[in-house]
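A short worksheet on the structure shown next.
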Amino acid sequence: MASLSLTFALGGLAGNMIVLWFLGFRMRRNAFSVYILNLAGADFLYLFFQTVYSLEQLVTFHSTPLKIPSFFTTVWTFAYIASLSILSAISLERCLSALCPIWYRCHRPKHTSAVMCALLWALSLLLSILEGLYCGFLFLDLDHGWCRAFDFITATWLIFLFVLLSGSSLALLTRLLCGSQRVPLTRLYMTVVLTVLAFLLCGLPFGIHWFLLFWIQTRSHVILQHLYLVALVLSCVNSCANPIIYFFVGSFRQRWPRRQKTLKMVLQRALQDVTGGDDSEVSSPQEHLEMSGNSLVF
């Protein structure tokens with residue numbers, strides 16, 4: 001399992017690094033791409049520490065036992081919570097833009113994406129540090145009472161995010177696929193829907209294990225260990241799947257002129273609020289990219 005996790009983690013690191021490079025340094029950011037940039041950062045951080053953990057497992061199994069610092073668990077927790085928080089914010093924003101488009105365009109503050117991401121990063125860091133402190137992963141010794149309290153708070157936050165993510169995604173799908181006033185299925189919506197689906201299938205089991213680990217009796221410890229290994233691999237698949245989704249959506253049903261197809265252009269198309277069959281966008285990808293976020297923000 002460690003070798004499998006390492007394979008997915010290394011592939012995901014490369015994919016998310018490409019996304020970070022283009023969105024951070026090569027493309028103008030809009031309201032939605034700010035979220036994708038931060039999501040890629042959270043996934044990259046998670047996969048980096050997953051790589052370290054997998055290497056430690058492989059080296060310990062084949063030769064000398066190694067022990068990674070306990071604070072790695074805190075950073076790992078931080079990256080997972082941040083990733084789920086940002087993905088929930090993405091789904092909620094796109095749901096509001098589909099259900100209440102006029103209100104959304106008129107009342108959405110210009111720098112909402114940047115402010116939301118900053119707040120979610122800060123909250124995720126706070127929860128991770130508090131849990132790490134009182135559960136013995138950082139500088140203090142284990143305090144069972146406070147550790148259980150912060151475990152409960154973290155689990156409650158994860159459940160809230162899951163409900164928010166599921167509810168907003170379901171409402172978005174309903175608006176996209178049902179009713180007389182259906183919203184056109186643009187590449188931007190395809191990107192959101194596929195990213196959420198990947199998390200529900202691959203990323204959620206890790207959160208479920210997290211909940212079970214602290215709230216089920218220790219007699220189920222062996223079962224939880226097997227669930228943990230499976231959830232660990234699936235979480236790596238989830239984090240490395242997001243860049244694949246972006247480039248798949250950007251390339252889907254597009255007749256590219258010779259020598260014009262680049263990774264940058266494919267990523268731009270995945271973040272555009274245009275339908276998948278619109279070929280006219282190839283001649284002016286930046287124009288549509290700016291339209292998809294209404295205004296450029298940082």
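Glycine is treated like the rest: Cβ placed from N, Cα and C.
Automated prediction, rather than curation, is the source of TrEMBL annotations.
Bear in mind that the values here come from a model prediction, so they are computed numbers and not experimental data.
Record features (TrEMBL):
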type     : residues : note
COMPBIAS : 282-298  : compositional bias 'Polar residues'
DOMAIN   : 15-246   : domain 'G-protein coupled receptors family 1 profile'
REGION   : 275-298  : region 'Disordered'
TRANSMEM : 6-25     : transmembrane segment
TRANSMEM : 32-49    : transmembrane segment
TRANSMEM : 69-92    : transmembrane segment
TRANSMEM : 113-140  : transmembrane segment
TRANSMEM : 152-176  : transmembrane segment
TRANSMEM : 188-216  : transmembrane segment
TRANSMEM : 228-249  : transmembrane segment
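With a cut-off of 8 Å between Cβ atoms, the residues of this chain six or more beyond the transmembrane segment (32-49) that come close are 9, 12-13, 16-17, 19-20, 23-24, 72, 75-76, 78-80, 82-83, 86-87, 89-90, 93-94, 113-114, 116-117, 120-121, 188, 195, 235-236, 239-240, 242-243, 246, 271, 289, 292-293, 297-298. Counting only same-chain residues 6+ beyond the ends of the transmembrane segment (69-92), those with a CB under 8 A from a CB of the stretch are 32, 35-36, 38-39, 42-43, 45-46, 49-50, 52-53, 116-117, 120-121, 123-125, 127-129, 131-132, 136-138, 154, 157-158, 161-162, 164-165, 168-169, 172, 192, 195-196, 199, 203, 206-207, 235, 239. Two recorded stretches are said to be in contact when at least 3 C-beta pairs lie under 8 angstroms, sequence spacing 6 or more; the transmembrane segment (228-249) and the transmembrane segment (113-140) fall short of this definition.
Sequence-distant contacts of the transmembrane segment (6-25), counting only residues of its own chain at least 6 positions beyond either end whose CB sits under 8 Å from a CB of the stretch, comprise 33, 36-37, 40-41, 43-44, 47-48, 50-51, 54-55, 58, 233, 236-237, 239-244, 246, 263-264, 267.
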